Amino acid sequence: MDTLEASQITPVLENKSIIMEKENNSPTSTKTVDIQVEQTTQVEQPQEENSAITPFLITHLSNQNLIPRDNFHKYCYRHNPDVTCNKLTDDIKMKDIQNRLERLPNRDQEAISHVWSIFNAAPVPQQKLILQGLLSQCCFPQLSFLSQEISSLIRIDFISALPQEISLKILCYLDCRSLCNAAQVSRKWKSLADDDRVWHHMCEQHIDRKCPNCGWGLPLMHMKRAREMQEDDDIRPIKRRHSEASAVKTAITAAKKEPAPTPPVIRKRPWKAVYSERYKLEKNWRKGIYTVKSFTGHTDGVTCLQFNRKYLMTGSYDTTIKIWKIETGECLKTLTGHTKGVRSLVFDNQKLITGGLDSTIKVWNYHTGECIATYRGHDDAVVSVDFSNKSIVSGSADHTVRIWHVDSRTCYTLRGHTDWVNCVKIHSASNTLFSASDDTTIRMWDMNTNQCLRVFGGASSNGHIAQVQCVIPFVYRQALVEDDPGSESEGETDLQHPPLLDSVQNDQPHEPLPANYPTHLLTSSLDNTIKLWDVQTGKCIRTQFGHIEGVWSINSDTFRIISGAHDRLIKVWDLQNGKCLHTFGNDSSVSCVGLSDSRFAAGLESGHVKMYFFD
């Protein structure tokens with residue numbers, strides 16, 4: 001065997017060359033050579049033709065004593081002993097190469113093994129030099145072969161190789177579809193892609209807000225299970241409840257001597273399941289996948305409605321209020337007491353408040369069907385009611401807004417509107433009240449001082465040009481798409497007709513509103529439009545067109561606006577950009593609408609109520 005000159009590469013290779021030379025020239029030193037070479041190439045008796053050459057590839061993976069010890073603190077990705085993600089692939093490849101090597105003659109095996117040993121023992125700069133020399137001598141077929149081999153070798157499973165914390169941080173940048181695809185790559189990827197921390201981040205990024213990256217937002221649904229727990233009791237007589245409560249009390253007293261049972265274990269849902277439930281719901285909203293249920297029972301037009309997870313309540317010109325069980329469509333109760341049509345209603349878990357054309361406000365225990373209080377004071381029809389804590393507010397055809405304080409039994413009258421007050425809404429966080437009127441304006445009132453803080457609207461400030469039917473105050477911290485300001489005559493309008501006025505209509509600059517005040521208003525009008533207002537500036541920043549007749553009612557949540565109009569259409573709009581997403585036709589005019597995370601309802605002038613389910 002010809003000895004290769006390796007003395008110019010490293011001293012280690014020089015020593016190896018000397019050892020092999022001694023082995024060839026001095027048979028008597030075979031034992032000594034075996035001891036010295038056993039830890040390197042483990043070549044035994046190369047003189048014999050049938051002697052086995054210990055494969056370099058096997059020792060290369062497990063024992064690399066030819067590499068100087070001072071290089072052990074630096075590893076590349078493929079040779080790091082702590083990285084196991086590519087070991088299986090490397091083992092299979094090495095065994096395949098070894099099998100092909102063993103089919104060659106012994107002299108070729110020795111030569112190839114020796115070349116590999118020299119390359120492996122060389123420092124990194126010399127290895128690069130060797131590779132450059134080999135590449136410069138390769139022809140195009142060989143370079144093509146190298147390209148095919150390298151394409152698979154340079155792929156790095158970084159998710160498995162990196163520390164878990166870094167891998168999870170990387171996965172947090174993926175969308176839900178990419179995460180689900182990543183979970184199908186391998187078991188390691190699945191365990192990381194399904195990690196609760198990743199999906200908790202996804203929920204924080206999407207639930208009750210729109211993700212700026214993908215544009216998707218998921219409904220909050222924070223009251224779903226709470227409502228189900230609170231509404232387990234059906235609507236039933238109060239005596240039965242007292243008897244059940246007494247029975248429970250007796251059972252508790254009898255069980256006092258017994259040891260207390262262990263508290264139930266609260267099962268936490270995986271964040272992936274939480275996200276999945278909301279994602280399916282939002283997908284149905286976007287694609288228009290729904291079912292419809294009709295509620296029939298009123299003999300005249302439905303004027304108002306509200307629903308929760310279990311019950312739907314409707315008021316009508318037929319002077320009645322009906323309570324429906326949503327699941328079955330059954331009418332559980334019909335409340336009578338108003339002598340004229342019911343124009344507005346609002347309820348919580350204990351009480352129902354209604355306003356009627358008979359100028360009265362009634363408070364009901366809807367569990368028993370009993371009217372527990374009646375408020376009189378308006379000189380004309382009560383068109384709208386709302387309540388918060390211990391206060392009831394009402395808007396009337398007598399052009400006034402009244403605040404009724406239940407505990408103190410006092411009433412304050414707010415004057416300023418010059419026509420019917422069609423809608424009143426309380427913003428609890430700021431303790432402010434908003435009212436919409438046939439005089440085309442919207443007013444903001446301070447419920448602590450009973451003073452008018454702002455007046456929105458009027459034709460001179462790009463407001464509505466017809467009766468305003470509905471107003472909704474809300475807080476929205478993300479950017480909303482506004483109308484092009486170039487189409488408005490700014491400057492002159494702002495100077496001559498300030499869009500933001502107080503109760504005395506002076507032109508003094510207004511101080512910034514506190515942080516707990518609503519940021520925007522939504523209004524609908526019989527001018528066929530829906531308008532979005534900036535509360536701080538008082539400007540109408542967007543007008544939505546689509547209905548061809550007056551818009552009687554609107555409702556909204558974090559992502560959507562729903563509107564019902566005299567043109568028999570229900571429209572679903574994107575709150576952020578104002579685009580119309582869906583349109584639903586009906587057989588009569590739509591007088592009122594309601595909206596939740598998973599459904600919406602519409603009351604029709606024909607007396608029917610339709611509910612659209614997206615869950």
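Heads up, the Cβ atoms here are built off N, Cα and C, so glycines get one too.
For reference, TrEMBL has these:
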- 483-493: compositional bias 'Acidic residues' (COMPBIAS)
- 156-202: domain 'F-box' (DOMAIN)
- 483-509: region 'Disordered' (REGION)
- 295-334: repeat 'WD' (REPEAT)
- 335-374: repeat 'WD' (REPEAT)
- 375-414: repeat 'WD' (REPEAT)
- 414-455: repeat 'WD' (REPEAT)
- 521-543: repeat 'WD' (REPEAT)
- 561-583: repeat 'WD' (REPEAT)
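Broken down by DSSP into helix, strand and coil, the repeat 'WD' (521-543) contains 0 helix, 14 strand, 9 coil. Mean model confidence for the repeat 'WD' (521-543) is a pLDDT of 95. Residues in the repeat 'WD' (561-583) partition by DSSP class (helix H, G, I; strand E, B; coil) as 0 helix, 15 strand, 8 coil. Residues of the repeat 'WD' (414-455) grouped by DSSP class, helix first, strand second and coil last, total 0 helix, 25 strand, 17 coil.
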